[in-house]
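Enquirer: Have a look at this one before I ask anything.
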Amino acid sequence: MYIGFGYDAHRLKKGRELILGGVKILTSEGLDGHSDADVLIHALMDALLGAAGLNDIGHFFPDMDPKYKNVSSISLLESVYKELKKQNFSVNNVDITVIVEAPKICPFIADMKENISRVIELKRERIGIKATTNEKMGFVGRGEGIAAVAVASISQEKKR
């Protein structure tokens with residue numbers, strides 16, 4: 001069994017869609033980034049890649065590459081999962097915390113779990129998604145951005 005940790009943060013920007021866990025959340029600000037800036041999925045991808053001993057998402061999906069401009073992070077997660085499968089890895093469980101003052105994401109967690117479950121072939125019961133605030137401290141507390149942390153556990157089947 002291997003364990004990986006991931007972190008991501010993005011600034012909020014007016015006029016951008018807010019996408020977390022592959023779910024569009026209606027709000028006046030979204031996350032600014034080269035892709036759709038889904039911090040939840042970005043943290044998860046880095047946790048999975050780290051557990052497998054691979055490079056981070058910046059290596060696989062450089063933000064200077066125009067083909068990743070506004071790309072769906074769910075599609076990037078599909079690519080990460082394919083890379084893991086090539087090396088005979090399977091995912092045991094994932095646990096993700098989103099640090100956000102607003103909006104409240106609780107109503108969207110079931111859909112986020114469904115999106116992740118579908119892509120990484122993991123039962124929803126093995127996917128933890130939680131949210132917390134930063135108690136008005138720091139860039140998240142001031143409403144300037146959103147951050148996420150993730151832990152992933154994976155196993156590797158031995159080749160015969």
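Using the three backbone atoms N, Cα and C, a Cβ is placed for every residue, glycine included.
Quick caveat, the model's predicted, so the values are computed rather than measured.
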Enquirer: Name the one residue among His42, His59 that Swiss-Prot lists for the same divalent metal cation site as Asp8, His10.
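Expert: When Swiss-Prot describes the divalent metal cation site, the candidate it includes is His42.
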Enquirer: What does the structure give for the C-alpha distance between His34 (4-CDP-2-C-methyl-D-erythritol 2-phosphate binding site) and Thr133 (site 'Transition state stabilizer')? Integer Å is fine.
Expert: 25
Enquirer: Around the divalent metal cation site recorded as Asp8, His10, His42, what other same-chain residues have a C-beta within 8 angstroms of the site's C-beta center?
Expert: Ala9, Leu31, Gly33, Ala37, Asp38, Val39, Leu40, Ile41, Ala43, Ala147, Ala148
Enquirer: So what sits near His10 (divalent metal cation binding site) in its own chain, CB-to-CB under 8 Å and at least six residues off in sequence?
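Expert: Listed in sequence order: Leu31, Asp32, Gly33, Ala37, Val39, Gly145, Ile146.
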Enquirer: Return the count of C-beta atoms lying within 10 angstroms of the C-beta of Pro62 (4-CDP-2-C-methyl-D-erythritol 2-phosphate binding site), excluding that atom itself.
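Expert: So the Cβ neighbour count for Pro62 (4-CDP-2-C-methyl-D-erythritol 2-phosphate binding site) comes to 11.
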Enquirer: Given the binding-site residues Asp8, Asp65, and counting only Cβ atoms in the protein chains shown, which has the most within 10 Å of its Cβ?
Expert: Asp8
